[in-house]
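Working notes for the structure below.
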């Protein structure tokens, strides 16, 4: 979808390299946030955001010939992973007109459909604008405002962290010449195989175009790392979910050994694709979150997440608060028999898996301890997407599809099972959007007033 009339030539400096293009200037939209040291003492940070490399125009280093069109690689430019990486460049982005991404001070708005583009995924850059901003979440608090009033069933306006490399993988994989400036290095607990480039090489080998998405496919390789989903939500449902992995750093996997959404064996990889989720509706509290409910999704809200550590400094509890209309509101309590509390702990996760009859893959990958080591350096991700694999039913409807809705853990929200089908939501709600703003980070109880 990105054709350009300009031409240029480039000298290849490596046999294998993930190149940076120059046909479109890359200018990161600015976004401010606040670093707090004590309650009421916060300092503004001048950051910016960058769009993920998977959304970018990928073309020949010698001219504007597409390396990737629709969901297919050019066979001449990309006969294999290494040749493709040497032949192809990631180019700059026009954030607003192409991707529907706008910023204003401390506010970031992501529009759902802009022209032929659907959704977006962005990373917070550091103040130098050279690498990703990293956060040590242990014994810390992360707070933001969000407006989900324009996010219907089937959409997910997500704010989360993963253990990406701060430089986008450049130091580990010198063949990666694009780096964080061009949004490289993504990884998560699904070990996604739809990435066009991983570890400085293309993902051409074994690439299979998607049968239901004209823009995507999956390759032989995936990119794995621990993931902390602070916020996956629309105006009907929300979930808070840690996902541990066996390694605290980004790793590349191959084929079905990746596990996750993109593989035949969901639990065959080194990460937990399910995580231990706290969705108030799924936990039996159907009056807590939604339009006109305790947390009214018709209005902007403040979301506070605290990462509590034990005496050894390891993550032991994840707590959630909301602030709306001047009121501090604790997370909903579980109403599921045998599962107590309103925070994520080891005991909560064990009891929840048992009550819902779910495989405890979370514990198999060492639970909270399995994500704790990664939390000393995580990258902030903000995205808006629809779900070509499960129509977002796992977030806002009944899931799995063949389960009985009245069984514990099956109902996750009030959305109809067909409402999240991508063709439906893209056709009916292209003007949907989410706005994140007022991001704050600091020690426990430093980013909001408990007596608000």
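Cβ atoms here come from the backbone N, Cα and C positions, even for glycine.
What Swiss-Prot records for this protein:
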type	residues	note
SIGNAL	1-17	signal peptide
CARBOHYD	62	N-linked glycosylation site
ACT_SITE	227	active site, nucleophile
ACT_SITE	232	active site, proton donor
CARBOHYD	285	N-linked glycosylation site
CARBOHYD	335	N-linked glycosylation site
CARBOHYD	402	N-linked glycosylation site
CARBOHYD	445	N-linked glycosylation site
Cβ neighbours of residue 232 (active site, proton donor) where a neighbour is any other Cβ within 10 Å: 23
Length of the line joining the Cα atoms of the residue listed as 'active site, nucleophile' and residue 445 (N-linked glycosylation site), in Å: 23
Residue 335 (N-linked glycosylation site): nearby recorded positions from 62, 232, 285, 402, 445, Cα cut-off 10 Å: 285
Which same-chain residues, if any, lie at least 6 apart from residue 285 (N-linked glycosylation site) yet have Cβ under 8 Å of it: 332, 333, 334, 335
Shortest C-alpha distance to residue 402 (N-linked glycosylation site) - which of the recorded positions 62, 232, 445: 232
Entry from the glycosylation sites list 402, 445 having the most other CB atoms no farther than 10 A: 445
Count of other CB atoms lying within 10 Å of the CB belonging to residue 62 (N-linked glycosylation site): 14
C-beta crowding around residue 335 (N-linked glycosylation site), within 10 angstroms: 13
The residue listed as 'active site, proton donor' versus residue 62 (N-linked glycosylation site) - Cα distance in angstrom: 41
Distance, residue 445 (N-linked glycosylation site) to the residue listed as 'active site, proton donor' (CA atoms, angstrom): 23
